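Residues annotated as motif 'Q motif' in Swiss-Prot: 14-42. Annotation comment: Swiss-Prot describes 45-249 as domain 'Helicase ATP-binding'. What Swiss-Prot records for Ala58, Val59, Thr60, Gly61, Ser62, Gly63, Lys64, Thr65 is ATP binding site. Positions annotated as domain 'Helicase C-terminal' by Swiss-Prot, on the basis of sequence analysis: 283-437. Annotation source Swiss-Prot lists compositional bias 'Basic residues' at 568-582. The compositional bias 'Basic and acidic residues' annotation in Swiss-Prot covers 583-595. What Swiss-Prot lists as compositional bias 'Acidic residues' is 630-640.
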Amino acid sequence: MAPKPPSGTSSRAWDAVTPALSEWVLEAMSSMGFTRMTPVQASAIPLFMAHKDVVVEAVTGSGKTLSFLIPVVEKLLRLEEPIKKHHIGAIIISPTRELASQIYNVLSSLLAFHPPSAAAINPSEDDDAPRPKFPSSTLKVVPQLLLGGSTTPAEDLSTFLKRSPNVLVSTPGRLLELLSSPHVHCPQSSFEMLVLDEADRLLDLGFKETLQNILRRLPKQRRTGLFSASVSEAVDQIVRVGLRNPVKVMVKVKGGSGVDDKRTPASLQMTYLTTPPSHKFAALKRILSSVQPTPLKTIFFVSTCSGVDYLSAILPLLLGDDFLLIPLHGKHQANVRQKNFNRFINSHDPAILLTTDVAARGLDIPSVDLVVQIDPPSDPKSFIHRCGRAGRAGRRGLSVVLLHPGREEDYVSFLEVRKTPVVPFSPLITFSDADAAAATATARKAVLADRALHDRGQKAFVSWFRSYSKHQASSIFRVSDLDWEALGKAWGLLKLPKMPELRNFTGDKTLGVSLDWNNYAYKDKQREKRRKELLQEAAESGATQSTSNKRRATESVAWSQQAESKNKKLKRREQKKSKHEKARWEKMTEEEKQKVLETEKMVEELRKKNEEERRLRRAAAKAAGAKADGDDEEEFQGFD
């Protein structure tokens, strides 16, 4: 048996928790290397175990997962009798597949120290080494992981009916599908706890209606815990989820002044590097080489999925063979995401995960040494979560955000106000135009070799610009300050994209590149064959490229102006309609006018009658629902 964690007068000793933790939990914590609780665990675990609803805000990487898993497990194993078959005792909801998988894995690792639960989770298939048998009356925790994309709802239900789990770890959509089955039960007699992990992101990602439907299927007499790194920014929505006088736990980190003014771990050093647009990607290699020892796990954040697709082909050429670069974004197929994620976390060589904000929240990627934000996030809330992928669980980490000279440097003051201060990157990195030119030449060489990569680059650049233009700190990240030519060259583009926003650009849209576009080919033979066929058809029909360009130009309207244009068209249409109606009315006889007025009156009366009937039906349905519920509390009506 592993030695117990150190005890004593410290309130952060595992055996100092009240109510006391089970012996097997203490053994698990010691064996897993957790000698004492983190501040958030010391605050949240006793409250959640003492039947309190909790809202927990703590810095990323502070141990929030065990803060809810331990109370959930302890609660279910202290019931007077086992939970009935096909009844659920606890639910843990996560915003992403990856985070749900990690929560499930941590829970399984914890339950491996509880023999009855371990035997139920992994029944022995080896007759030579059978697991011990336990009576059916033995209390145990049996979890099930629900993920869309890897299994079908029917397969999930089949697994549920076969194994009868009492804890569900799931993303919102797949959970709702399972709870909709008449074979799945969550009565007040068995359901104990609900956990929303990364709670504010669950609300931000469009899960409001799904969560509303889930909560309506759960009993009101339950314990609820909400955990996140930035709960305070979504409190107005979260407090309406159905918590009963929740206790708010907020754990912050002392800054250099000794004041609790930081929202990131003390072990995480957050820095910024000012670099001209043309030197941005060339600077990445300098950053990697200046960090000692060489980072084994690095994450590069960019703003869009298209950016990941394009840069995953370009950056390996600029960084050399010393690092394995692995792409990951939300539009990848589920199996591709899982495969690439596993490649990164299991790599024994220096590896870089090139990703979007899909990896910014909740993912417990072990031993991340360095985070580089190539693109500052459009939503400032994401900044802390991106940085927090490094410096987890007390491990030292470094984060760097790249900023353009000028107005973007005001982002440093902006972050300080948000209690996420950054300092200049050290050691000082110098840039040369020769380095930038060499990086551009390397990228363009790859683009010239395959027209498909050129297409990807054009799409990526447009999507990057649109993300930049929607930055919430728009007074800092201003489109009018962008150096288009420098950006295009840094990306290795052969020309600037045909964007309505560049219609009045007077610079060099060719970026100094002279190219025979008719003979610029795709590597893929089928795509190249199709391109040549279209080119031939255009030549035979007499449709020249310039005519095509003019037609597209007249049809193209800046996406930022489309709403205004539609409103103008609608207004003109209404004015024209009013004018036409007035002329028609003047041509009518008195008898015709009387018939029109009578018809309009009848239509209005019918409309009012229908509205009254709908109002009465809603009132009756509401009254019936209240009677069936038999509860004098307000029904949960959603977040808005």
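Keep in mind that glycine also has a Cβ here, set from the backbone N, Cα and C atoms.
A 10 Å cutoff on Cβ-Cβ distances gives Thr65 (ATP binding site) a total of 21 other Cβ atoms nearby, all chains included. For the domain 'Helicase C-terminal' (283-437), the mean pLDDT of the prediction comes to 88.
Assigned with DSSP, the residues of the motif 'Q motif' (14-42) fall into helix, strand and coil as follows: 16 helix, 0 strand, 13 coil. The Cβ of Gly63 (ATP binding site) has 21 other Cβ atoms within 10 Å, all protein chains considered.
Among the listed binding-site residues, namely Ser62, Lys64, the Cβ with the most fellow Cβ atoms inside 10 Å is that of Lys64.
Across the compositional bias 'Basic and acidic residues' (583-595), DSSP assigns 11 helix, 0 strand, 2 coil.
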